[in-house]
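What follows is a short report on a single structure.
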Amino acid sequence: MKIFAQSKPLKATISNIAADKSISHRAVIFSLLSSGTNKIENFLFAEDTEHSLEIARKLGADIEIKEGIVFIDAPKKIVEPDCILECGNSGTSMRLFMGLLASVEGFFVLSGDEYLNERPMKRVGEPLCKVGAKIYGRLDGDKAPLCIQGGKLDFFKFKSKIASAQVKTALILAALNSQGCEYSEPELSRDHSEKMLKKMGADIEISGLNLKVKPLTKPLDPLEIFIPNDPSSAFYYAVAATIIPGSKIILKNMLLNKTRIEAYEVLRKMGANIKFTPKSEIYEQIGDIEISYAPLKAVEVSENISWLIDEAPALAIAFACAKGTSVLRNAKELRVKESDRIKVICEGLKCCGINVTELEDGFKITGGEAEPAIITPYGDHRIAMSFAILGLKCGMIIENSECIATSFPNFGKILKQIGANIED
């Protein structure tokens with residue numbers, strides 16, 4: 001992908017942002033515990049979520065897609081597949097299915113691509129194994145491929161050392177299908193799972209950072225959901241609007257869950273003009289976000305990191321365009337994403353002539369005039385999209401940009417729609 005420096009403001013109302021990836025995954029996986037037909041509108045059709053759909057099929061789900069709407073009927077009993085369950089680059093697919101399948105009678109093998117198979121899985125596998133799960137993998141169960149000999153698990157209590165929605169959801173799924181659990185985390189991670197499962201009839205008691213999950217006594221009620229648009233995917237355009245003078249972008253039908261808009265709040269602290277307009281709420285609050293240009297100033301960020309971990313690469317681009325030195329800390333989790341994002345962000349910004357210091361748990365970036373560069377994203381969709389946005393300031397070539405399709409196939413199309421000059 002080649003991006004040319006922008007010579008005019010970006011102005012658009014965008015309604016075709018990618019549907020929320022987190023909720024799309026969960027809608028598919030939770031449907032496997034339901035009875036009846038699940039109806040999922042505005043599903044995200046991207047490589048990551050399609051892996052979850054295909055795994056659900058291999059586990060016995062009847063899946064039909066009509067005019068973009070996904071209909072899922074769960075099997076009466078999850079089927080033991082005769083093949084490997086391929087997760088591609090999707091850590092969400094692998095970790096959530098680990099939790100579900102650890103509590104299901106049968107033998108299952110989960111694997112991913114070269115990048116996913118190097119990401120840590122013990123954070124999910126270890127607590128499950130302590131209560132009777134049988135999960136085997138490379139490096140003592142920390143790396144895929146993973147073999148799971150599923151079965152009913154005992155009641156368990158688990159105090160997580162990290163705020164991770166994937167870990168939390170995996171353990172909730174295992175508990176629902178077994179004897180229940182008590183779960184706590186150090187700070188609130190994304191809470192889509194608790195909200196969706198409670199709406200589907202799960203008995204989950206929420207008290208601050210603590211959950212009590214009771215085992216299912218009957219199948220969950222089927223979902224009927226319209227998935228809102230993804231604020232993480234939309235955030236690239238928000239950053240674009242704040243760094244290109246005169247720009248104004250309106251993002252329609254966005255998920256406004258407070259655990260998902262923290263990065264927008266950081267942009268607001270940096271001086272950006274941002275307005276939220278809530279419109280409706282069923283499973284989650286949905287509304288519009290309006291962003292218009294304003295000069296950005298430096299900021300220090302060290303709290304609620306789990307709420308903006310996916311947006312951190314794009315925030316780094318905002319930091320690079322701000323006046324002063326910005327700092328992100330307590331974000332060590334970035335090192336075990338699709339790439340070592342701390343290292344790759346810092347390498348990329350240095351290539352662009354930006355003064356950046358790599359920290360163990362984040363980075364320090366002094367804003368300045370970025371220079372054109374050729375960026376290698378190391379198979380990481382969020383790195384590729386973030387540097388594409390910086391390219392609007394200075395010009396950029398993103399090598400191997402096809403990785404963007406894992407989460408946001410229409411990214412380039414929408415960039416053109418809002419007035420950017422790019423070549424795929």
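Each Cβ is built from the backbone N, Cα and C atoms, and glycine gets one as well.
According to Swiss-Prot, Lys21, Gly91, Arg119, Gln166, Arg341 bind phosphoenolpyruvate; the candidate from Arg57, Arg268, Arg382 that the record adds to this site is Arg382. Counting other C-beta atoms within 10 Å of each candidate's C-beta, the binding-site residues Lys21, Arg119, Lys337, Arg341, Arg382 are led by Arg382.
Long-range Cβ contacts of Arg26 (3-phosphoshikimate binding site) within its own chain (separation 6+, distance under 8 Å): Leu96, Thr169, His192, Ser193, Met196. Gly91 (phosphoenolpyruvate binding site) sits 8 Å from Lys337 (3-phosphoshikimate binding site), counting Cα to Cα. Here the C-alpha separation of Arg119 (phosphoenolpyruvate binding site) and Lys337 (3-phosphoshikimate binding site) works out to 7 Å. Spatially, by CA atoms, the binding-site residues Ser22, Asp310, Lys337 include one closest to Arg382 (phosphoenolpyruvate binding site), and that is Asp310. The Cβ of Ser22 (3-phosphoshikimate binding site) lies under 8 Å from the Cβ of Thr92, Ala165, Arg190, His192, Asp230, each of which sits 6+ residues away along the same chain. In this record, phosphoenolpyruvate is bound by Lys21, Gly91, Arg119, Gln166, Arg341, Arg382; the longest C-alpha to C-alpha distance in that set is 19 Å.
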